[in-house]
Amino acid sequence: MFTLNLIPSTPITFSKSTHQYFPIKRIQTPKNLAESPVFLTKSTPLNFNKIHACPFGKIQALSTKTTHLGKILENPSRKAGSHVPKAAASSESNPEGEAESVEAAAAAKSKAKTLQLALVFGFWYFQNIVFNIYNKKALNVFPFPWLLASFQLFTGSIWMLVLWSLKLQPCPKITKPFIIALLGPALFHTIGHISACVSFSKVAVSFTHVIKSSEPVFSVVFSSFLGDTYPLKVWLSILPIVLGCSLAAITEVSFNFQGLWGALISNVGFVLRNIYSKRSLQNFKEVNGLNLYGWISIISLFYLFPVAVLVEGSQWVQGYQQAIQTVGKASTFYIWVLLSGIFYHLYNQSSYQALDEISPLTFSVGNTMKRVVVIVSTVLVFRNPVRPLNALGSGIAILGTFLYSQATAKKVSASEKKS
């Protein structure tokens, strides 16, 4: 006889049987029990988890998973994921809904980017137009470009100091190597700025901008001397620039050699500033464009103002009195000078911010179109006479500048892909 001790103090006895297939005949219920054991009643399921602390629950879970896997193997045509419980399936999002939401987000982002780009270009163009108009008005009654150029740098310096002191713009860490690295770019910036102001005081604003559109010619020439190479497309693109500027200079009504040379020297100064900045400021890439321009303006002011005093300082008092008599109101003259200084800094600030927001190709195209807008605006405001050949030459020069920007942008993108 075999005894299985399932219930304390209540032995249950199995009688041996000689049956061929079922050796256990039946379970004998002891007579001393008033009723059948709990685990034998039909209304109570067996709970093997509590028998001698054996982990039958884990075995039961494993058998359930095995049965579930067997159902999947028996019917392989079932869709993937059809065996996932409904609760889990309902928690997953609809792929089509996700795609629509992604497309909507992308469209909204594209619209926001387009609006931002329009605002950047709008402010850049507007500020440049205001500067050119009031700068020319001030120079017409007060023809002292050295003092006016110094005041414009002074206004920009004060503007940046206010932004840094109020923490509206993070102030860069100033070190001796950083200041030394800025000395060269600031010197060339001073040359470019004062030369442009001299040109504005001698000729029409439109003519100065047409000549300044030849800046790519100087950039290619100087960079080639320093070892840079350019494809044939770039060299071909500067030919219409030279042709257009020459035609515009010959047919310009307000032509003046001082104005012409001032615009050309301005191109040389700004090109050398850009080239020298790339070489001397490579170790200070953490300084953003606006802070860099702010410190260049401050150092340029120290370069320019002492020279301005030597060149034309003795004539300032007399020139100021004549300017007040010409304008009629001192406040009007002050407003012209103040607006020229403020918007000179603002349009340069916007150009640096635009360069941070958009690609170099888009910036070059925008800069080309900016000259067109400024030329047309100043011609309309000052009513400068424009001959047909002069307009044709200006258009050819602007077109050459556009072609140059396209060719150089492709060159830059190709070099970036190689690197």
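Placed from the backbone N, Cα and C atoms, the Cβ positions cover glycine too.
For 115-405, the entry in TrEMBL reads domain 'Sugar phosphate transporter'.
Summarising the annotation, TrEMBL assigns region 'Disordered' to 76-96.
What TrEMBL lists as transmembrane segment is 117-134 (among others).
Marked as transmembrane segment by TrEMBL: 146-166 (among others).
Same-chain residues lying 6 or more positions outside the transmembrane segment (178-201) and placing a CB less than 8 Å from one of its CB atoms are 132, 135-136, 139, 143, 145-146, 148-149, 152-153, 172, 208, 211-212, 258-263, 265-270, 272-273, 276-277, 280-281, 283-284, 287, 295-297, 299-300, 303-304. The annotation transmembrane segment is assigned in TrEMBL to 178-201 (among others).
Residues or ranges marked as transmembrane segment by TrEMBL: 232-250 (among others).
Per TrEMBL, transmembrane segment is recorded for 257-276 (among others).
Residues 146-147, 149-150, 153-154, 156-157, 159-160, 163-164, 169, 172, 179, 182-183, 185-187, 189-190, 193-194, 277, 281, 284, 345, 348-349, 352 of the same chain lie 6+ residues outside the transmembrane segment (292-311) yet bring a C-beta within less than 8 angstroms of a C-beta in it. Marked as transmembrane segment by TrEMBL: 292-311 (among others).
Sequence annotations record features per position, and here TrEMBL assigns transmembrane segment to 331-347 (among others).
Most Cβ pairs under 8 A with the transmembrane segment (331-347) among the ranges 146-166, 232-250, 257-276 are made by 146-166. Within the chain carrying the transmembrane segment (232-250), a Cβ under 8 angstroms from the stretch's Cβ atoms is held by residues 207, 210-211, 213-214, 216-217, 220, 260, 389-390, 392-401, 403-404, 406-408, 410-411, all 6 or more beyond its ends.
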